[in-house]
Amino acid sequence: MGEVQREKVAVIIGPTAVGKTKLSIDLAKALNGEIISGDSMQIYRTMDIGTAKVTKEEVDGIPHYMVDIKNPEESFSVAEFQERVRKHIREITERGKLPIIVGGTGLYIQSVLFDYQFTDDAGDAIYREQMEKLALERGVEYVHKKLQEVDPESAERIHANNVRRVIRALEIFHTSGEKMSDQLEKQENELLYDVSLIGLTMDREMLYDRINLRVDIMMDQGLLEEVEGLYNRGIRDCQSIQAIGYKEIYDYFEDRVSLEEAVSQLKTNSRRYAKRQLTWFRNKMDVTWFDVTDGEKTSEILRYXEGKLQLKSNNSK
């Protein structure tokens, strides 16, 4: 029997503000592709500026998926992301197009590409409610500390403000006696697709300057008003507003900090997140990195993807 043909998928990863969006559009045009967002926060409607969603002008006719599919008060899991994205990959492939995942959120992308099994077996609604109550009464740091005690690897990977994932990891340990980190390590480490993993990186100081500038531009574009709209709708304690760009401005509306302090914290958190993104991708995935410090490498990256996936670009026809 011949080997089953695996679906071809291009994946563009890298830290925030490095230039993934433009590259993804350029590759989609050249390789007859359609784009799937690999960002866990771009799924939320009305959260456009803070999540740096692709604009109507930038889209330039290229279909985009996994954007604006949930309301901000709704929750969203890695398992649901995995299911939806794999469905999009099938459908895009069936149309004779190339799926291009762009992100973003390391665990989410990894869950799609590798044989991660998410089941409802490890679930305890009563325990989950107890942990949620603890998080509200004693703070997210308290619950995160409990996770550090039983599963330090997951605690290192999951930020304290990501309360849902912290509690999920605790719930898995509570019900199965196994660490979430151990469960993930045990799972099959083989790619499910024929993947071209493209990573963008640049000089750290330049990246940090770009991040600071991006925050200033977001404020000019109306980030304050965008967050105020969510705040005035009464959206509190939701997964969506834990996103960088929202929690900092929420602190301003809660009179915890001045606007200047909120913007400064947003820049700091964005830079830290970029560093965490790079660390994650370098440790968890076999990525071919392209340094774009001195400018775009679109032609070079296009040649690499053509070769890796054995494709012919529209540019070479």
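Each Cβ is built from the backbone N, Cα and C atoms, and glycine gets one as well.
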Practice problem: Out of 19-22, 31-34, 39-42, 143-146, let me know the one Swiss-Prot marks region 'Interaction with substrate tRNA'. | Solution: 39-42
Quiz item: How many other Cβ atoms sit within 10 Å of the Cβ of Arg128 (site 'Interaction with substrate tRNA')?
Solution: 17
Quiz prompt | Beyond the flanks of the region 'Interaction with substrate tRNA' (39-42) by at least 6 residues, Cβ under 8 Å | solution = 50-53, 66-68, 76, 81, 102-105, 108, 240, 243
Quiz prompt | CB-centroid shell, 8 A cutoff, substrate site Thr16, Ala17, Val18, Gly19, Lys20, Thr21, site residues removed | solution = Gly14, Pro15, Ala52, Leu200
Quiz item: Quick one: which residues besides Gly14, Pro15, Thr16, Ala17, Val18, Gly19, Lys20, Thr21 have a Cβ within 8 Å of the ATP site's Cβ centroid, in sequence order?
Solution: Leu200
